[in-house]
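**Student:** After the structure tokens below, expect a handful of questions from me.
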Amino acid sequence: MRLAVIGGDGIGPEVVAEGLRVLRAVHPKVDTTEYDLGARRWHETGETLPDSVLEELRGHDAILLGAVGDPGVPSGVLERGLLLRLRFEFDHHVNLRPVRLYPGVRSPLAGDPAIDMIVVREGTEGPYAGAGGVLRKGTPHEVATEESLNTRYGVERVVRDAFRRADRRERRHLTLVHKNNVLTKAGDLWSRTVAEVAPEFPDVRVDYQHVDAASMFFVTDPGRFDVVVTDNMFGDILTDIGAAITGGIGLAASGNLDPSGVHPSMFEPVHGSAPDIAGRQLADPTATVASVAMLLDHLGHAEEAAKVEAAVASSLADRAAAGAAQPSTRERGEDLAARAAG
């Protein structure tokens, strides 16, 4: 496995080190190359993602990212210059976010709900494609537009990916989330595409939720969802709700995928760089380790992925039973690696 590693900023390098520890515990044949990308590089050189580095990244099987950013970088610089550029250059059209409440993890929701879903979010279109503009900026007559771009090609490939994932899961249930009563043009495209692809997956039950209703049900009845497919912006919002109801973004993993394998997919914890605790071994690497499980599964190493996922689940359960003890970042990583290897 040829793995590009972007530790990034703040706690990023610390949690990535433990993710690599766990990865090597189950898959020793890993050839890693580290890249200095993020806020530090921007402060020193003004660069976000040089073309030469982009071409080097292209030659890897996958990318493991820690976290990027610090308060001194203007908003949008790293998001568009690094993260979104990687997404568009490598055609990461599927953003995959598991939403699972592990045994022993407390949810802010009452009643210990059963939560186990995945959100398949379109990653390269919608309002984040960068279309739009500003007229008469700074005047009382300023006009700002952000356009949502949705193509049949882009929608269909994400819908098919979601159906394939639903077809492999026990419940075989797919929910399309959109707002087709107001966003009638894009909503119609999404709804028609789901309806036209559905006959190819006769065992998958399909339903629809408006995004406002889905947001409510994520909180009041999350067990009704199995696989959710949605557009870029709605998925961005729903997945953060999903993280909040399953222990917080500190446990949330994600994958930015090109399912075809033509380009390297990127895996990362959802949390930020947390510069206030950087270098103090206080960060929890669990989300990074869960992202490693997704990386392994994506590259076809299902058995190793299952071992890492089981290690995460057992560690979280034991952690809840142990109470207030707070191991260091390294200690958590060593424990997870031992569980995965054993």
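Just so it is clear, glycine is given a Cβ too, placed from its N, Cα and C backbone atoms.
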**Student:** Looking at 7-30, 55-78, 271-294, 319-342, which stretch does Swiss-Prot describe as region 'Disordered'?
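**Tutor:** Residues 319-342 are the ones Swiss-Prot records as region 'Disordered'.
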**Student:** Same substrate site as Arg87, Arg97, Asp212 according to Swiss-Prot: which of Arg121, Arg136, Arg192, Arg224?
**Tutor:** Arg121
**Student:** Looking at the recorded positions Arg87, Tyr128, Lys179, whose Cα is closest in space to that of Gly272 (NAD(+) binding site)?
**Tutor:** Arg87
**Student:** So which of the binding-site residues is most packed in, judged by how many other Cβ atoms lie within 10 Å of its Cβ, out of Asp212, Asp284?
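**Tutor:** By the 10 Å Cβ neighbour count, Asp284 comes out on top.
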**Student:** Within 10 Å of the Cβ of Ala274 (NAD(+) binding site), how many other Cβ atoms are there?
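**Tutor:** Other Cβ atoms within 10 Å of Ala274 (NAD(+) binding site): 19.
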**Student:** For each of the recorded positions (Arg87, Arg97, Arg121, Lys179, Arg280), count the other CB atoms lying within 10 A of its CB, then report the residue with the highest count.
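**Tutor:** Compared across Arg87, Arg97, Arg121, Lys179, Arg280, the most Cβ atoms within 10 Å surround Arg121.
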**Student:** How far is it from Asp236 (Mg(2+) binding site) to Arg121 (substrate binding site), counting Cα to Cα, in Å?
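**Tutor:** That separation, Cα to Cα, works out to 8 Å.
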**Student:** DSSP on the compositional bias 'Basic and acidic residues' (329-342): how many residues come out helix, how many strand, how many coil?
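**Tutor:** Tallying H, G and I as helix, E and B as strand, the rest coil: 13 helix, 0 strand, 1 coil.
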**Student:** Can you list the residues of the same chain, besides Asp212, Asp236, Asp240, whose Cβ falls within 8 Å of the Mg(2+) site's Cβ centroid?
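**Tutor:** For the Mg(2+) site, the extra neighbours are Val211, Ser215, Met233, Phe234, Gly235, Ile237, Leu238, Thr239, Ile241.
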